[in-house]
């Protein structure tokens, strides 16, 4: 059990992130989860205060994250997830130094694990088309949920948006005449991205024939400006949007474990395969660095290599 002192110090840092840093709710949730795990790690080692933490305690926390605890049902974290947890821990210790709670930043020298370079998985163009067509949305007899689902999936693929960006859209963020969408990215950064005609048509159909029906099911005085609504008239959650995608993949016969991020990967990969400049793809994806976008060029190079290996007489 986490001690009262550790709980107070942890909550003080979280309050600082909310009030002073105004970090996004999703980021705050991740920090809280990682820091609760860290405080439990310290408590299990008999440490009741951040002033008693040493560099080796932080290093051992990383080891514990990577190893997991099968006996307690705690899964091992990937190098990427463990590195993310270390960011939260480092922030906590920097805060403790700044607030005079401790004298030294014992987490500063701890290095994150090096993640392996994994190529992002993407769908083929035919698989994406099958996915989109599996939800309907083209008949006037389609209900509001079908219209919503088609519009959501079309928008995800057309814009390459993150699932949180899509469900966070308000009606005023979409201009179907100009065929643009204003996305709220990580760190509150906005970007205006173009939307393809099929996605605009799906959005128009949903906004005209579907959304108003769903909105009437919600409390009138608390009507949400969200574009994508759930069956009760409230904003669609990330989890529900994920389920929409999984159901569509199942109906399309795609068994490769489709996720919202896979649709985003497909967006980037298909653009690069079509000859798009990597800097343009970076802007569309909302990546802070082009290095993040370059991983998708490896996917297209890998596809070219496979074709070459099967066709060139001197490949083998």
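Even glycines carry a Cβ here, placed using N, Cα and C.
In Swiss-Prot this protein carries:
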| type | residues | note |
| --- | --- | --- |
| DOMAIN | 4-97 | domain 'Core-binding (CB)' |
| DOMAIN | 118-309 | domain 'Tyr recombinase' |
| ACT_SITE | 162 | active site |
| ACT_SITE | 186 | active site |
| ACT_SITE | 261 | active site |
| ACT_SITE | 264 | active site |
| ACT_SITE | 287 | active site |
| ACT_SITE | 296 | active site, O-(3'-phospho-DNA)-tyrosine intermediate |
Taking only C-alpha atoms and a 10 A limit, tell me which of 261, 264, 287, 296 are near residue 186 (active site). These are the active-site residues.
287
Counting by DSSP secondary structure, give me helix, strand and coil numbers for the domain 'Core-binding (CB)' (4-97).
76 helix, 2 strand, 16 coil
Nearest of the active-site residues (162, 287, 296) to residue 261 (active site) - Cα to Cα
162
Under a three-state DSSP reduction, the secondary structure at residue 264 (active site) is helix
Considering Cα atoms only, can you say which of 162, 287, 296 is the nearest neighbour of residue 264 (active site) among these active-site residues?
162
Counting across all protein chains shown, how many other Cβ atoms sit within 10 Å of the Cβ of residue 162 (active site)?
21
